[in-house]
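Written below as structure tokens is the structure these notes are about.
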Amino acid sequence: MVTNQSVNDWVKEMAEMTNPDEIVWIDGSEKQLDLIKQIALETGEMLELNQEKLPGCLYYRTNPKDVARDEKRTVICTSRREDAGPTNNWVSPDEMYAKMRKLFKDSMKGRTMYAIPFSMGVVGTEFAKIGIELTDSIYVVLSMAIMTRVGQEVIEQLNHGADFTKCLHSKAQINEQEKYIAHFPEDNTIWSINSAYGGNVLLGKKCLALRIGSYLGKQEGWMAEHMLILKIENEAGESKYVCGAFPSACGKTNLAMLTPPDYFKKKGYKISTVGDDIAWLRIGKDGRLYAVNPENGFFGVAPGTNQKSNPNALQTTKKGTIFTNVARNLDDNTVWWEKLDKNPPENGEDWLGNPWNGKTSSEKGAHPNSRFTAPAENCPTIADEFFTGEGVPISAIIFGGRRAKAEPLVYEAKDWNHGVFIGSAMASETTAAANGQVGVVRHDPMAMLPFCGYNMAEYFQHWIDMGKKMTNPPRIFHVNWFRTDENDEFLWPGFGDNLRVILWMLHRCKGTVGAVETPLGYEPKPEDIDVEELNITPETLEKLLRVDKDAWKHEIQDIENFYSKFEQLPKELTDSLEELKQGIDKL
Ligand code: SAT
Ligand code: MN
């Protein structure tokens with residue numbers, strides 16, 4: 001029972017506005033979640049999948065116009081416009097509250113309001129933050145129960161007076177004209193309406209853990225980042241941890257669950273997964289940076305996930321998973337998506353619910369941004385440290401994007417501030433994870449463009465300030481697994497072989513290999529990347545590492561254009577840009 005008066009007052013106020021038939025507090029018990037699941041099955045909101053092959057798994061379909069994050073409808077509501085900055089949509093809090101109150105009025109009439117007490121991070125740890133999401137969607141309840149830590153322990157924290165983020169969601173009418181995902185950082189509040197797609201409605205994830213989280217991190221001296229966290233154990237049994245920031249749908253889940261090539265496996269290398277999407281980072285007493293994954297599950301892109309690309313992710317989805325907007329095999333009531341295997345169902349149903357023959361149809365069965373929502377504990381490679389929530393010391397931060405040209409396979413920043421510059425200047429081809437055109441290059445600093453909850457110039461400054469506070473900061477690297485040749489073929493095999501590049505980074509951290517200085521930063525000497533048992537020619541490696549003068553002249557112009565959005569950028573960044581320009585000119 002919730003005895004915290006401010007919680008009860010707030011829930012009452014929200015219920016008066018949205019007018020649900022009843023309010024149900026989620027206690028996180030299996031019994032209650034099962035009951036709620038039964039309701040979803042009875043109303044047809046969700047479907048049960050083959051319980052022998054996929055025990056505890058459910059199927060869900062969103063409205064066809066509601067299949068991805070909607071950046072145009074995502075707003076940051078701060079009193080002053082400049083606090084949201086030039087990269088966010090801004091509306092004043094008063095105006096947005098007024099507009100949304102009208103939309104929320106009676107939006108839950110005839111429905112149940114579920115109150116979900118949740119924690120991002122292991123309850124009670126230094127890193128953890130609490131939220132309550134009020135929602136009229138069972139899909140949200142069941143998904144939040146996978147993605148966050150839900151229930152009694154959180155209620156106890158609240159009853160002890162813990163601060164919490166006030167999250168309100170109503171699917172309302174799923175009216176795309178009136179869809180809003182609004183953040184009120186000054187009030188620690190998130191309101192989302194007229195969507196039922198994960199990124200817009202699982203408010204603990206991008207909304208709290210990144211947008212509100214980044215704002216809180218700036219105030220409180222920590223960082224909320226769009227990063228995977230990976231553990232690497234070497235042949236001597238030593239463990240190292242790295243974080244990687246990549247835009248949505250650029251392979252973070254695959255990198256986080258990487259399977260080492262046989263050659264490294266035989267030598268005793270082992271990879272474990274701490275997180276695949278979000279990292280919260282704090283400086284430890286020893287002056288190093290420590291990371292936790294605040295989530296409790298994976299909300300991964302289904303298409304492209306297969307036994308070869310990511311067997312661990314596939315295994316993770318075999319029980320207790322919700323599949324959204326994938327195709328169904330009606331013969332055995334299982335799921336299918338593009339590139340799962342070479343055996344699409346003949347008697348299938350596509351993500352829209354239409355009859356679909358995967359053998360003959362030229363249409364896609366699954367939506368390109370179809371997803372699995374799977375418990376982290378299912379993951380065969382999940383790291384022990386995930387469960388303690390204590391924070392792992394980070395040796396290296398990796399920035400990367402999806403870039404056919406220009407960006408080399410890997411380079412290392414000269415120092416922390418130069419690394420901040422590299423992160424601020426990174427760009428990537430857009431993917432199906434957000435509404436809009438796919439495949440256009442856009443600047444996405446630190447992969448946080450859609451997720452930074454305040455002015456990005458101040459966010460860059462925060463990065464620089466954090467660097468000053470660390471006596472032993474992580475080294476910073478930039479990677480590009482996606483560079484192509486003249487025939488548009490990928491030059492680098494990617495997936496498990498990315499370990500080879502990460503091992504070079506760890507050698508750099510230890511100081512056991514040298515490097516070549518380029519205008520971009522330090523690149524590997526080709527012989528220092530271990531390509532044993534990999535079929536790659538020295539010419540290909542050379543192409544992967546080449547700094548192309550003309551391409552970089554364009555790149556610099558693009559960075560200048562992007563930077564011109566900001567009124568004031570940290571001098572450290574503009575100095576680095578100037579230095580890069582001079583270096584490229586001299587090539
Ligand atoms: O849809 S989510 O924002 O949760 C996933 C992503 O786009 O990174
Ligand atoms: Mn993401």
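Positions of Cβ are set from backbone N, Cα and C atoms, glycine also.
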For the substrate site that TrEMBL assigns to Tyr197, Gly198, Gly199, Ser248, Asn369, Ser370, Arg371, which of Arg69, Arg73, Arg80, Arg500 is also named? Arg69
TrEMBL annotation, Mn(2+) site containing His226, Asp277 - matching residue among Lys206, Lys308, Lys318, Lys319: Lys206
From the candidates Arg282, Arg402, Arg475, Arg483, give the one listed by TrEMBL for the same GTP site as Ala249, Cys250, Gly251, Lys252, Thr253, Asn254, Arg371, Phe495, Gly496, Asp497, Asn498. Arg402
Given the recorded positions Lys206, His226, Cys250, Asp277, state which is nearest to Phe495 (GTP binding site) when distance is taken between Cα atoms. Cys250
Taking DSSP three-state, what's Ala249 (GTP binding site) in: helix, strand or coil? coil
Spatial neighbour of Gly251 (GTP binding site) that is closest, considering only the binding-site residues Lys206, His226, Asp277 and their CA atoms: Asp277
Name, in the order they occur in the sequence, the residues of the same chain whose CB lies under 8 A from the CB of Arg371 (GTP binding site) and which sit 6 or more residues away. Gly198, Phe299, Gly300, Val301, Ala302, Phe323, Thr324, Asn325
Where the criterion is a Cβ under 6 Å from an atom of ligand 1, which of the recorded positions His226, Cys250, Gly251, Arg371, Phe495 meet it? none
